[in-house]
Amino acid sequence: MKVSLVLLIAVFGLAMVAAEETLESKLQMALKSLLQENEELNLEGRDTKGGCERATNNCNGHGDCVQGRWGQYYCKCTLPYRVGGSESSCYMPKDKEEDVEIETKDTVARCERDTKNCDGHGTCQLSTFGRRTGQYICFCDAGYRKPNSYGGCSPSSARELEYLSYVARDVEMEMLARDSVYQCNRDTNSCDGFGKCEKSTFGRTTGQYICNCDDGYRNNAYGGCSPRTEREIEYLSMIARDQELEMQARDSLPQCNRDTNYCDGFGQCVKSTFGRTTGQYICSCNDGYENNLYGGCSPKDNEDEEVDTDRKMEILRSLANLLEE
C-alpha cells in the first residue's frame with residue numbers, strides 16, 4: 001500500500017512539473033504575441049503590399065513591405081535602419097546618421113562637387129557594401145585616407161601608413177595559410193628549410209598552418225621563408241615599439257602621473273590620439289629623452305642611436321613571442 005502511495009505521489013509530481021513547463025511555455029508565447037501586437041499597433045499599417053510601398057516610398061529603399069500577423073503590411077527595415085516617421089518608413093537612427101551623411105552623396109556629380117573631386121586623390125564610386133550601399137563615396141588613392149570633414153581624401157600620416165602596412169601584412173598572412181601541416185610543407189618546400197609549419201594561434205590565421213620562420217627570415221610570396229632585409233627589420237622594430245607603448249599606457253591622467261612619477265620630470269602625460277594607445281595616457285618625453293620600461297622618461301644613450309643588428313633581432317624575437325600569446 002505504501003509503495004502504491006509513493007508511486008501515485010511521484011506520478012502526480014511529474015504531471016505537475018510537466019503542467020508547469022507547459023504553462024510557462026504558453027505564457028512565453030502569449031508574451032511574445034502581445035509584444036508583436038503592440039509593435040504593430042504602434043506602426044501605421046497598409047491593407048496591401050502595393051499600398052505600403054507607395055506610402056513608404058518602398059521603405060525608402062532600406063527594407064521591404066511584409067505582412068504582419070493581423071494582415072496589414074509594414075516596413076521590415078534592413079539594419080541599421082529602423083521604422084520611424086509619420087509614414088512608418090525606414091530611417092537611419094539619429095546616432096548613426098551624422099557620420100554616414102558626411103561621407104555619402106546621392107549622385108556622382110554631388111560627390112565630386114562636395115569633395116572637390118576627392119581632393120584630387122581618389123574617385124567617386126558607387127558603394128556596394130554596408131550602410132553606404134547605393135550611394136557615392138570617395139575611394140581614396142594609396143597613401144590617402146577617408147573621410148575628412150567633408151568626405152574627401154586627406155594624406156595619411158607616416159604612422160598611419162605604417163599601421164596600414166601592418167594590417168595589410170595581416171591580410172597577406174591569411175592568404176598564405178594552409179588547412180593542414182601536410183599542405184603547408186608541400187606548398188612551401190618545408191618552409192624552404194628556414195622554418196617549420198605550425199598551427200597558428202593568433203589573428204586571422206588561427207587554426208590554420210603557416211610557416212613560422214627562423215630569426216632573420218620572413219614569409220615570402222608563396223608562404224615559405226626568405227632572408228629579411230635590413231629595412232624589414234627596422235619596420236618590425238617599430239611595430240614592436242608600438243606593442244611596448246601599449247603596455248605602458250594608462251587609463252587616466254592621474255594614473256599616468258602616479259605610475260611614472262610625472263614622467264620622471266622629463267616629459268608630460270598626454271592623451272594618445274593614434275594607434276593601439278588611442279584614448280589612453282602615455283608619457284610624451286622631452287627632446288633627448290625616451291620612454292623607459294615603466295613608461296616614464298629616461299635620457300637617451302647616444303650609443304643607442306644606431307641600434308646594431310643583434311638588438312634588432314632581439315626586438316624581432318620579442319614581437320614573435322607577443323604574437324604567439
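Quick reminder: no glycine exception, Cβ is built from N, Cα and C everywhere.
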*asked:* Identify the disulfide partner of C184 as annotated in Swiss-Prot; candidates are C197, C211.
replied: C197
*asked:* If you follow Swiss-Prot, the disulfide involving C77 connects it to which of the following: C52, C90?
replied: C90
*Which of these, C65, C75, shares a disulfide with C52 in Swiss-Prot?*
C65
*Just checking: which of C52, C59, C191, C211, C213, C297 have a Cα that is within 10 Å of the Cα of C197 (disulfide bond), counting only these disulfide-bonded residues?*
C191, C211, C213
*asked:* Below 8 Å Cβ to Cβ and six or more residues apart, same chain only. Which residues does that give for C285 (disulfide bond)?
replied: C263, F266, G267, N291, C297
*Could you check which of these disulfide-bonded residues, C77, C256, C283, sit within 10 Å of C65 (disulfide bond), going Cα to Cα?*
C77
*What number of additional C-beta atoms lies within 10 angstroms of the C-beta atom of C225 (disulfide bond)?*
23
*Whole-number Å distance between the CA of C153 (disulfide bond) and the CA of C225 (disulfide bond)?*
37
_Arithmetic mean of per-residue pLDDT over the domain 'EGF-like 3' (180-226)_ = 86
